[in-house]
Ligand SMILES: Nc1ncnc2c1ncn2[C@@H]1O[C@H](COP(=O)(O)OP(=O)(O)OP(=O)(O)O)[C@@H](O)[C@H]1O
């Protein structure tokens, strides 16, 4: 190792350190050894082909920045990859970056020094234990529990406590966009990684897995790719639906899956739908997915959404009043990512314009984000909400039907129209199929009586009232 190379590399590290987070820095840059400096070309040694590819896939810009700022515009980086060819002589081979004839920092295949696969997989080393790709903020403590995720969360926790040993292997978590799949499976990974047992936990998106596999075919490194994945103790593979129609990758994944499962290694997967609806995946894979536990995530209910907003705001050190929290939780009922997006807009707006976060600001933001949002409670909205709540058709509220459940729903809708709108009794009657004002008075009285005497009915009215109140803030 030349002292010049060491000096240049430590300067580069100083640049790199400012552009990557602490974990990435210690995982991907600390293990690198500077080997030599020739003119403005620095050669660094990396522990494996996989490591080299990872750097090139994920950190090429920051490496380029570091090299150019320390060695000038002609600065070049070359890699020496430690190759274990199954004998005792580890001979590094060298790949240059940027490649000659190419100004772009594309990932390139190291020159092959023989006709066989250029290297065999290295044995598991301590660096690999760090290569997890986990976001440290995705933990169980930041994952709010609710009815929407209870099964998945507790199964995940069981898996985190005894990876590979419970019957939840594989664990498959599925659910719609932005409902917390990635957060949950990474929480499992972080929990295992932070336990005293040294486990090699690896999180990878299916897309990345496919690309790595394709590259390994192109580069003649399939064996190394397979061996790498077969050494993992806990494999977390996200968005497995992405493997649909990719037959060769599925076949490779099938072998890796079998190997890991037989070795009692934990496999955790996510998908946007249950295994039975995964189209374009081989039957033998699908049947294996069902060996363990499949758990779904639903959209969090109102109370869980409130808790998610509170936690998020606490973690940002921001206080927002309860009525704003409830307004957001009520209004954004699509997915958690969208809810977070609205919170971020709100915080950004308040801090840029130096104003307090209050209901007026929240409403303005929501109007900009959700263009067609109605913030007023009108008769139409009451009819829609009440009919959905009682699971009847809106038209029935206006029709002549005398079926008991329809009459009750109609009376409830009239009652709320009186409470939340400025319509006259006559006008309300008109909106309910041309009934007269005495029918509306009777409806209001009946609802008041039932609230006094019937607990179930009272709870229903209270549920609905909460919705309307939220809307009429
Ligand atoms: N129960 C929860 N508690 C706290 N935060 C949550 C919860 N569920 C989701 N989130 C947050 O919502 C955001 C979206 O979650 P995540 O990315 O895990 O969703 P996903 O289901 O993997 O989405 P996609 O389908 O797009 O891959 C993240 O910031 C996550 O932290």
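Note: Cβ is positioned from N, Cα and C throughout, glycine not excepted.
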Region 'Disordered' per TrEMBL - which of 92-115, 116-139: 92-115
Position of peak Cβ density within 10 Å, selected from the binding-site residues 178, 180: 180
Residue 181 (ATP binding site), number of other Cβ atoms within 10 Å: 23
For residue 182 (ATP binding site), nearby residues of its own chain (Cβ under 8 Å, 6 or more apart in sequence): 138, 238, 270
Non-site residues, in chain order, whose CB comes within 8 A of the mean position of the CB atoms of 178, 180, 181, 182 at ATP: 175, 177, 179, 183, 184, 270, 297, 336, 337
